Amino acid sequence: KVEEVLTDGRQIITFRNGTKKEISADKRTTTISFFNGDVKKIMPDQSVIYYYADAQTTHTAYPDGLQVLQFPNNQIEKHYPDGTQETVFPDQTVKCLYSDGFKETFFPDGTVVKVKKNGDKIVVFSNGQKEIHTVQFKRQEYPDGTVKTVYCNGRQETKYSTGRVRIKDEEGNIILDKK
């Protein structure tokens, strides 16, 4: 290896395989440039930034345990110490996976999808409409107060904001229409 100390105080160590290690004058920042194009930078706060040249991906590890991956398509993943993962996609959709199994997805149009650990799903649209999907039923709640529920056996129940209730059996026959 070859060691150089520059006039500004930086130290550069060059290894036989082409890897270079540069230590800042204040000895607080270290940059290692590997022969394959990867670059590892250790910052004064002890965060580590690693750039993978082949994948064009940057992985930053912070002292508090947060890890951030940045991909060439502008997708960003954050892995938190508590197990939570957050992914921001190129279209600005944000998906959060929590350590307890709960999932949330925020779409650019304002739609939010929440999935509980048991699989129950709640979709809230930007216009105020809401859908609830469970093993027992699928329900649509409209902004005007109308609620339509389809049960797993095929029975349908619609409660209108006017107070009207209509129930259909599994074949679609109206069995109750109370106005």
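A Cβ is built for glycine as well, from the same backbone N, Cα and C atoms used for every other residue.
Remember, TrEMBL labels are computer predictions, not curated facts.
Sequence annotations record features per position, and here TrEMBL assigns domain 'Centromere protein J C-terminal' to 1-23, 63-91, 100-133, 138-167.
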How about long-range neighbours of the domain 'Centromere protein J C-terminal' (100-133): same chain, 6 or more residues beyond its ends, C-beta under 8 Å? 91-94, 139-143
Long-range environment of the domain 'Centromere protein J C-terminal' (63-91) - Cβ separation under 8 angstroms, sequence gap at least 6: 45-47, 55-57, 97-99, 108
How about long-range neighbours of the domain 'Centromere protein J C-terminal' (1-23): same chain, 6 or more residues beyond its ends, C-beta under 8 Å? 29-35
Could you please provide the mean pLDDT value for the domain 'Centromere protein J C-terminal' (1-23)? 94
